[in-house]
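Visitor: My questions will all concern the structure given below.
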Amino acid sequence: MFRLLTFFLNAFTLRFVSKELIGVVNVRLMLLYTTLVFLSREAFRRACLSGEGAGRDWRQVINLLWLTLPLGCLWGVLLVCVWWWLLQAPDPQTIPHYVPAVGIFCLAALTELLAEPLWVLAHAHMLVRLKVVAESLAMIAKCVVTVLMVVSAPQWGLYIFSAAQCVYAGFLLLCYVVYFLHFLGSEEAEKKAFPLHNISQLLPTKVNGQPLINWKLATLTWSFFKQSFLKQILTEGERYVMTFLNVLNFGDQGVYDIVNNLGSMVARFLFLPIEESFYVFFAKVLERGQNAQQQKQVSTTRLTHAAMQLLGGKNEHLFGLQEEISIAADVLECLLKLVLLVGLIITAFGYSYSHLALDMYGGELLSSGTGPSLLQCYSFYVLLLAVNGVTECFVFAAMSKEEVDRYNLVMLALSASFLLLSYWLTWLFGGVGFILANCCNMGLRIMHSIIYIHRFFQHSDHTPLAGLRPHPALLITLVISSVLTAFSERMFCCDHGWFLRLAHITTGAVCLLAVVTVVFLTETRLVQFIRTQLLPKYSKKHT
């Protein structure tokens, strides 16, 4: 519900701002914010939540975590100077108030860092709901403030989004503070054996007879800190290329960022939960570092305990009495078939409905210019994301530690080549170049995973990669649907009124119904897999 609300509030906001303003906020200023926050706290989080802290004194940990604030101040001064004087500033006539907006975003980031000791405490003690509720409420408060201000005072420009970001950070901090004020010293805290008892222990304090901080954790933090630079560059590579190399103007940056967020929604809300759940399944079922012939044969009892439970508990009739590797192969084949079909459907229909979707979501701001072509390319990228997610899910569960370490080096080389390729392709094709670079990067990762899976099963009777071969009748139906919807778009969409738009939507609905019907008729095993495993698991999660 929270996600839907913010989704529609953001769509409403887009009708009152320019794409140049969106580009400055979502790319330039948010890059400042995420860089400052990440470099200031990521190493502390990883160190303080690692297994090195068994039997730790939480007062020492709290003291260490408060170092995120002075470190954030140092990073803030450095980054603000870069954003003020080294980067090309937007035209003050078009996008005014850039200089104060940079300073305000920096202050918002420092405000969020104040909540870091509370965040680590909550995460370490499995207070997961607090994190979800706090971030959801803060995001809604940010969206509401943005909507109210863009409607009532659109001339304020960057001040609107700066104030909204401060509201987000302040609300996040407030949620954590209010929760711990109520939680510390309560019966619930005593039941959980919470190590702190009053709010004053959340502040930096001297520890009697012990060093001020845990030096073992401090050393570990320094090790993680050196890694955080590379991780941040690889995570935000596209935005750094846009910001420092000026390959796109602010308007194109804004449109690309919105399309990227819209296109990745399917990956975040559909594919990612599948990947996370079945990574646990494969890790339970497989012995790391052993190929298919070397996997152990186990009894139904162990299967029921380790595998059936993860798959919803209704799978005996589907798999019967099999060895673990056989179940892993069957599940992998069904998962590959599932995500491939979803990706193919998105690719087939995405080409003809990108313009309409962007027009309905953001109006002319998104539907004019490069927006539709970006989303059309992204619909193909979603297909690659889907396949890569499942293949890597299996590969990471089956690899030995040494193989994972080697693959990390491969990933590093691929990420570095992605940055170079994205700069070159963006210089040639504009924003589409970023998506093409992502497609190339994802294609290479899929190839690596397919080769690994092929070698893993090559001396067995199992062929899970058959899941990447959809039924010919389904392919023909998808091609016909793609042609019909493309023709429908030319005839009915999108400048001839809502009646013809509805005709275009109806055409797509009929074609989609035909595709689903063919799936039910030709992919009966996949349908059974969804009914007996995915749907019960999803229902159990949401009840």
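The backbone N, Cα and C atoms fix where each Cβ goes, glycine too.
Small disclaimer: the values here were computed from a predicted structure and weren't measured.
According to TrEMBL, the record shows the following:
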TRANSMEM  20-40  transmembrane segment
TRANSMEM  61-86  transmembrane segment
TRANSMEM  98-120  transmembrane segment
TRANSMEM  132-152  transmembrane segment
TRANSMEM  158-181  transmembrane segment
TRANSMEM  338-358  transmembrane segment
TRANSMEM  378-397  transmembrane segment
TRANSMEM  409-426  transmembrane segment
TRANSMEM  432-453  transmembrane segment
TRANSMEM  473-492  transmembrane segment
TRANSMEM  498-521  transmembrane segment
Visitor: Looking only at residues six or more beyond either end of the transmembrane segment (378-397), which have a C-beta under 8 A from one in the stretch?
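Guide: Answer is 259-260, 263-264, 266-267, 271-272, 274-275, 278-279, 282-283, 286, 288, 328, 332, 335-336, 339-340, 342-344, 346-347, 349-351, 354, 404, 407, 435, 438-439, 442-443, 445-446, 448-450, 452-453, 468.
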Visitor: Given the transmembrane segment (61-86), which of the listed stretches 98-120, 409-426, 473-492 has the most Cβ pairs that are under 8 Å apart from it?
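Guide: By Cβ pairs under 8 Å, 98-120 leads among 98-120, 409-426, 473-492.
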Visitor: For the transmembrane segment (158-181), find every same-chain residue at least 6 residues outside the stretch whose CB is under 8 Å from a CB in it, and list them.
Guide: 21, 24-25, 29, 33, 95-98, 100-101, 104-105, 107-109, 111-112, 114-115, 118-119, 121-122, 130, 133-135, 137-139, 141-143, 145-146, 149-150, 199, 202
Visitor: The transmembrane segment (338-358) and the transmembrane segment (498-521): do they have three or more Cβ pairs under 8 Å, with pairs 6 or more apart in sequence?
Guide: yes
Visitor: Same chain, outside the transmembrane segment (98-120) by at least 6, Cβ under 8 Å from its Cβ: which residues?
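Guide: For the transmembrane segment (98-120), the far contacts come to 24, 29-30, 32-33, 36-37, 40-41, 44-45, 48-49, 61-62, 65-66, 68-69, 72-73, 76, 79-80, 83-84, 89-90, 92, 131, 158-159, 161-163, 165-166, 168-170, 172-173, 176-177, 179-180, 202.
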